[in-house]
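Trainee: A single structure is presented below for examination.
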Amino acid sequence: MSRETTTKDLDSLRALAERGAAELQDASAEELLRWTDENFGGNYVVASNMQDAVLVDLAAQVRPGVDVLFLDTGYHFAETIGTRDAVESVYDIHVVNVAPEQTVAQQDELVGKDLFASDPGECCRLRKVVPLRKSLAGYAAWVTGLRRVDAPTRANAPLISFDEAFGLVKINAIAAWTDEDMQKYIDEHGTLVNPLVDEGYPSIGCAPCTAKPVLGGDARSGRWQGLAKTECGLHAS
């Protein structure tokens, strides 16, 4: 959807999202991805943080060569970059590597060193939200790996919705999957997984803001540990 989005475009996408949500309330991930492909053709993108390749594998089966968007913030673990490279070589996909306007060094020079510590919300905005917004402008829909079991903030995540924040249809294809569902798929299909998962990191983001979960906490309790912040701003709607 490389165009200037009109109000008519947005209304049409909203209506499509509403119909899809009503018709596919109990749909499987495969059904959701087929619906996405039937309605948007090649005009959608799959987002991945390279924690694992489950969603990537599912999407590639529906549309070989599908665009897979990866936000290269400049702060990722080496293991995450390695997983991205491995995923790109193993699966029939096209990785769209999205970087912020500024390198980490340039950002440090402009706003001060280690913005992730002094203002994590602004750091996420500059290195994730702004680049994502620009990248999504060329698509009519995006597919995410957001799951309801990730954290209380995601417990009611819809399968299909209109993303008001970014102006396109959003499909959370594996929103209903449990941790057991994920592991079963990985075991049965030999799906690539970020090695940090086996080291005790069930939710992986930028290295400075990712720790192992707190005792008794949800998978995302290791993100921005000690702060009230629980989301980076990508899933505001």
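For all residues, glycine too, the Cβ spot is worked out from N, Cα and C.
The following feature annotations were taken from Swiss-Prot:
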type	residues	note
ACT_SITE	Cys232	active site, nucleophile
BINDING	Cys123, Cys124, Cys206, Cys209	[4Fe-4S] cluster binding site
Trainee: Please list residues from the chain of Cys206 ([4Fe-4S] cluster binding site) whose Cβ is under 8 angstroms from its Cβ, counting only those at least six apart in sequence.
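Mentor: The list for Cys206 ([4Fe-4S] cluster binding site) reads Thr73, Tyr75, His76, Phe116, Arg127, given in order along the sequence.
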Trainee: Report the same-chain neighbours of Cys123 ([4Fe-4S] cluster binding site): residues 6+ apart in sequence with Cβ closer than 8 Å to its Cβ, ordered by sequence.
Mentor: Leu115, Phe116
Trainee: Which of Cys124, Cys209 (the binding-site residues) has the most other Cβ atoms within 10 Å?
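Mentor: Within the set of binding-site residues, the most crowded position is Cys124.
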